[in-house]
Structures are given as C-alpha cells and as structure tokens.
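Chemist: Sharing a structure below in structure tokens format, with a few things to ask.
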Amino acid sequence: MAHSFTQEYFQIPVVTRAYTTACILTTAAVQLEVITPFQLYFNPDLIIRQYQIWRLITSFLFFGSVGFSFVFNIIFLYRYCRMLEEGCFRGRTADFVFMFLFGGIVMTVNDTILGLLTADVPLGRFECAASWLFGLFANVFFLGQAFIIMLVYVWSKRHPLVRMNFFGLLNFQAPFLPWVLMGFSLLLGNSIVVDLLGISVGHMYYFLEDVFPNQLGGRRLLMTPKLLRAMFDQPEDPDYRPLHEEQQGEDLLQDEEPQE
C-alpha cells in the first residue's frame with residue numbers, strides 16, 4: 001500500500017506536487033505549533049526592513065487551520081492546478097512556472113503598493129474613499145486562496161464549453177466557475193476580496209497570454225525566460241495518457257459532456 005501511494009504521488013506533475021505538498025506541510029506545521037501564522041503572513045515592512053524574504057512565499061502556502069475551508073482549498077488547488085499542468089501546459093512546465101511567478105509577483109506588488117497608498121496620512125473626502133477601496137485589497141495577508149482562484153479562472157477561460165455541476169444544485173458553463181465560487185464564499189459569510197483579487201490577476205494573465213497576442217497588431221508580451229526553459233522543460237513522454245477528467249472536462253462533483 002505504501003509503495004502504491006508513493007507511486008501515485010510521484011505520478012502527480014511536478015509543479016502541482018510541489019505546491020500542494022508545500023501547502024499541506026505548512027498547515028501541518030502551524031497545526032502542530034512548530035510555527036505560527038504570524039511568521040507566515042505577507043508584510044512588506046518586515047520583508048524590506050528585517051529581510052524576512054520567506055514571507056513572499058509562505059503567504060501563498062497557508063489556508064488557515066485544518067477544517068472545511070482548508071480541505072476545500074486543497075481540493076481545488078490540486079484538481080485545477082493538475083488539470084492546467086496536464087492540459088494546456090503539458091510539455092510546457094517552464095511556461096507554467098512562469099505563470100506562477102507572474103501571478104505571485106502581481107499579487108505581492110499589488111499588496112505592497114496599495115498598502116503604501118493606504119498609509120496613515122491626512123486625506124480629503126475623495127482620497128479617503130479611494131483609500132478605503134484600495135485598502136480592501138491591501139489587507140490580504142494570505143494570498144493562497146486568491147492564487148487558487150487565479151488558476152481556476154485561467155482554466156475556466158481555456159475550457160469555455162465545459163459544463164459544470166456545483167454540488168448537484170447548479171449547472172453552468174466553465175467561465176462562470178470563479179464567479180460561482182465567489183458567490184459561495186459570500187454565502188458562507190467570507191470576504192470576497194481574495195476572490196476578486198484572484199479573478200483580476202487571472203484575467204490579466206489570460207488577456208496578455210491568450211487575447212492580446214491574437215488581436216490585430218498584438219504580440220506576446222509574456223515571454224518565459226530561457227533559464228526557466230533550461231531548468232524545467234523536458235522532452236515529451238510518447239507514452240503519456242491524459243487523465244479521464246482532462247479528456248471530458250472537470251466538474252466539482254460530476255462531469256458532463258461539453259455542449260456543441
């Protein structure tokens with residue numbers, strides 16, 4: 001059984017395997033009180049002034065204490081990250097890693113800049129309103145959930161004909177999935193700020209990678225560095241067989257055939 005688990009584990013694509021494992025181990029370390037969330041959250045001041053560089057990474061690895069929200073996030077992370085890696089990014093691991101870097105950099109820069117804009121300085125009425133709006137995004141201390149929404153958004157835009165079934169209650173096309181998840185989060189009483197951040201960054205990547213290069217006069221702006229290609233890209237396996245859900249589309253609890 002242990003051998004079977006190990007074999008299945010190492011069949012998971014490398015990026016999905018590494019990220020999912022890091023998230024689970026980080027949460028386990030917090031649960032066992034080896035570390036605390038205060039050592040993990042995103043804080044530009046501590047990063048810059050005290051050189052706590054690890055916060056640039058750990059803020060994407062913690063989803064809260066073990067519970068429904070944690071399990072829900074891990075399932076979505078694993079399923080949609082793996083489908084992207086084995087689907088449109090198959091044989092393009094470097095491009096997938098570059099998408100991770102793009103999303104992570106945009107989110108951290110967003111938090112840093114908006115944090116500066118909402119500093120405690122005298123403001124007028126208009127500036128106060130703008131500061132409040134920007135502050136919604138500046139107070140995202142853990143960015144992992146927003147990152148998952150970004151992955152889901154990119155997957156959904158690249159599979160527009162796939163029909164989804166949300167817990168057997170709601171049927172819709174894949175592009176609506178991020179918005180359904182945001183509504184579900186709202187029903188649970190959670191903040192939708194992280195969902196909006198993930199959708200925004202996901203759309204930015206989708207537009208720059210899939211839309212703008214195909215427009216008249218457009219060109220590809222996101223170029224994967226050669227160093228990443230040398231590190232991650234390998235010859236494609238001729239014996240590769242896609243997962244069942246990659247062939248038919250992935251739903252939350254059940255699959256339906258894409259509509260013609």
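For all residues, glycine too, the Cβ spot is worked out from N, Cα and C.
Bear in mind that the values here come from a model prediction, so they are computed numbers and not experimental data.
Below, the features straight out of TrEMBL:
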COMPBIAS  238-247  compositional bias 'Basic and acidic residues'
COMPBIAS  248-260  compositional bias 'Acidic residues'
REGION    235-260  region 'Disordered'
TRANSMEM  53-76  transmembrane segment
TRANSMEM  96-117  transmembrane segment
TRANSMEM  129-155  transmembrane segment
TRANSMEM  176-206  transmembrane segment
Chemist: Hey, which bits of the same chain come close to the transmembrane segment (176-206), Cβ under 8 Å, at least six residues off its ends?
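Modeler: Beyond its ends, the transmembrane segment (176-206) has Cβ neighbours at 69, 99, 102-103, 106-107, 110, 136-137, 139-140, 143, 145-154, 156-158, 164, 166, 170, 222.
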Chemist: Please indicate, using numbers and ranges, the residues of the same chain that are 6 or more beyond the transmembrane segment (96-117) and have a C-beta under 8 Å from a C-beta there.
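Modeler: Those are 15, 19, 42, 44, 56, 59-60, 84-85, 89, 130-131, 134-135, 137-138, 140, 143, 146-147, 150, 154, 197, 201-202, 204-205, 209, 222, 224-225, 228, 232, in sequence order.
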